[in-house]
Amino acid sequence: MATPLHPDLSGTSGPPEQTGFRSALASHLATAQRWTELLRAQVLARPRSVIAVGAAALVVSTVAMFLMRRAGLGHDAGIDYQVYRWAVHTWLSGGDITVGGPMTSADRILPWVYPPFALLPLSVPALLPHVVGLWLIYLTDLAAIGVVLYLVARRMWPLAGRESALAVAALALPGTLLLEPVYASFGLGQINILLMALVAVDCLAESPRWPRGLLVGLAAAIKLTPAAFLLFFLVRKDYRAAAVAAVTATAGTCFGFVLNRSASMDYWFGSGPAAGVSGSAFHTNQSVMGGLARLDLPTLTQYSLWALFALVLTLVTVRVLRSAEVGHALLGTALLALLISPTSWSDHWVWVAPGLLVVAGTALRRRSTGWLAAGAVIIVAAFAATFRMLPASGDWNAVQHVIGDSYLLIGIAMLLLLSRYAARPGRLPEPPGVLTGRLPRD
C-alpha cells in the first residue's frame, strides 16, 4: 500500500531526537496535505478564478525570466536561434550548411546539427526580423507548455472536467519558467519545447483528428530523439500509430533530400556536423554517454557500458509501457530517450515540466510520501542545476560526479520508480474525479 501523507506516528518510540524528527515530519506532511486539499478544492470549485490567478502569475514569471537575463530580447539573444537563422539563409542562398557555422553572440562558432528537413519548419521564424522571430519562438513555447500541461492534467484527472484541467495547467505553467531546462531552452531560442508538444499531443489526445503517430513522425524528422516514441506505440500495441510515425518520419527525411541533397547525404551517410558534439563530456550533457565521457574511460569501455545501460533502461521502459497509465508511460519513454541519447543537453530535459505534474498527480492520488519526496527532489535539482557550478569540461572528482550528474541520476531513479509503480498489482481506489484511463485505440 502507498504511504499516507499523514502517517500515524503516535506509537513510535526511540531516541528523543528521532521522535522529534518524526513529529516534525508528520506535522509538515499534515500541513502540506491541508494546503494541497485546499488548492484542489479551489481548482474544482472556482476554476475560472484559478485560471485568472495563473495568468497573472505567468506574466510575473515571464517578466522575471527576462529581468534575470535567463532569456533575452535583443539581437544577441538565443544562440541556437542564431544558428537556425544562419542555416536557413545559407541554404536559401545556395551555401553549404554542413561546413562551419555562424559566429554567435557567445563568441564561438556553432554548427548546424539537425536533419535538413528541419530547415523547412525553421524557415518560419528564421525569415522574420530577428526579434520578431525570437518572440514567435517564445510565444509558441509558452503555448506549447500550456497545452502539454493541460493534456497531462486531463489524463491524470479525466473526470474533473476541462475547466479544472485548464486551471491546473494555468497554476503549473508559471512555475515551469523557474526550472533550468525550461528557461535554458528559452534562453537559447531552442525548439525542444515545441517538439515535446508535438509528441505529447500525439500520444495524449483522446480522439485526434489526424492519424495518431503523424506528429511523432514529424518531430522525428526534425530531430532524431523523438523517434524513441515509436517504442511507446509498439509496446502498447498501437501498431497503426507506429506505422504512421515511421512512414511520416521517413517521408520527411526523403523530402530533406529534395530540400538539400548534399547536406542530406553528408548528414545521413557522411560524418555529419553532429559528430563533433555526440557523447560530449561538457557539463550540460546529462545523458548516460555524457556521464561516462566525464569518467574519462577507455573508448571501448565507455561504449560497452553505454550499450549495457541502454539495454537495461530499455527493458525497464518496456515494463513501464506494458502496464502503466498513459501519463506515466509517456514520461517513461521521454526519460529513456533522454538517457540513452548520446547528447542530451540540459535544455533537452524540458520534459521535467509535464513530468512534475505526473509525479504530483500520483502523489495526490496515492497519498504517497515517496512520490511527494520524488517531486521535491526533482524541483530542487531542476531549480539548482548544480552541474553549472562545476567545471564545464567535466573534469570532476567523485563527489562532483554525483552532484554534477543530477539530471542523469534522477532520471534513472525516476524510471525505476515508474517501473515499480507500474508493476504493483493493486492500486488505491481513486476518489471521484481523479480516475485515469489508458490510451484509447484508434
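Yeah, the Cβs are placed from backbone N, Cα and C, and that goes for glycine too.
As recorded in TrEMBL, the features of this protein are as follows:
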type     : residues : note
REGION   : 1-20     : region 'Disordered'
TRANSMEM : 49-68    : transmembrane segment
TRANSMEM : 134-153  : transmembrane segment
TRANSMEM : 165-186  : transmembrane segment
TRANSMEM : 214-234  : transmembrane segment
TRANSMEM : 241-259  : transmembrane segment
TRANSMEM : 303-321  : transmembrane segment
TRANSMEM : 326-342  : transmembrane segment
TRANSMEM : 348-364  : transmembrane segment
TRANSMEM : 371-392  : transmembrane segment
TRANSMEM : 398-418  : transmembrane segment
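Put simply, of 49-68, 134-153, 348-364, 371-392, 398-418, the stretch with the most CB pairs closer than 8 A to the transmembrane segment (303-321) is 398-418. Nonlocal intrachain contacts for the transmembrane segment (348-364), taken as residues 6+ away from its ends with a CB within less than 8 angstroms of a stretch CB, comprise 5, 36, 40, 145, 148-149, 152-153, 156-157, 168, 172, 176, 179, 181-182, 185, 192-193, 196, 200, 225, 286, 327-328, 330-331, 334-335, 338, 341, 371-372, 374-375, 378-379, 382, 407, 411, 414, 421, 434. Listed by sequence, the residues of this chain that lie at least six past the ends of the transmembrane segment (214-234) yet keep a Cβ under 8 A from its Cβ atoms are 114-115, 117-118, 121, 191, 195, 198-199, 201-203, 241-242, 244-253, 255-256, 314, 317-318, 321, 329-330, 333, 336-338, 340-341, 344, 348. Ranking 134-153, 241-259, 398-418 by CB pairs under 8 A with the transmembrane segment (165-186) puts 134-153 at the top. Under 8 Å from some Cβ of the transmembrane segment (134-153) lie the Cβ atoms of residues 58, 62, 71, 73, 77-78, 81, 124-125, 128, 160, 164-166, 168-170, 172-173, 176, 182, 185-186, 189-191, 193-194, 196-197, 200-201, 204-205, 327, 350, 353-354, 357-358, 361, all in the same chain and six or more residues away from its ends. Long-range contacts of the transmembrane segment (49-68) within the same chain, counting only residues at least 6 positions beyond its ends with a Cβ under 8 Å from a Cβ of the stretch, are 42-43, 142, 163, 166-167, 169-171, 173-175, 177-178, 183, 186.
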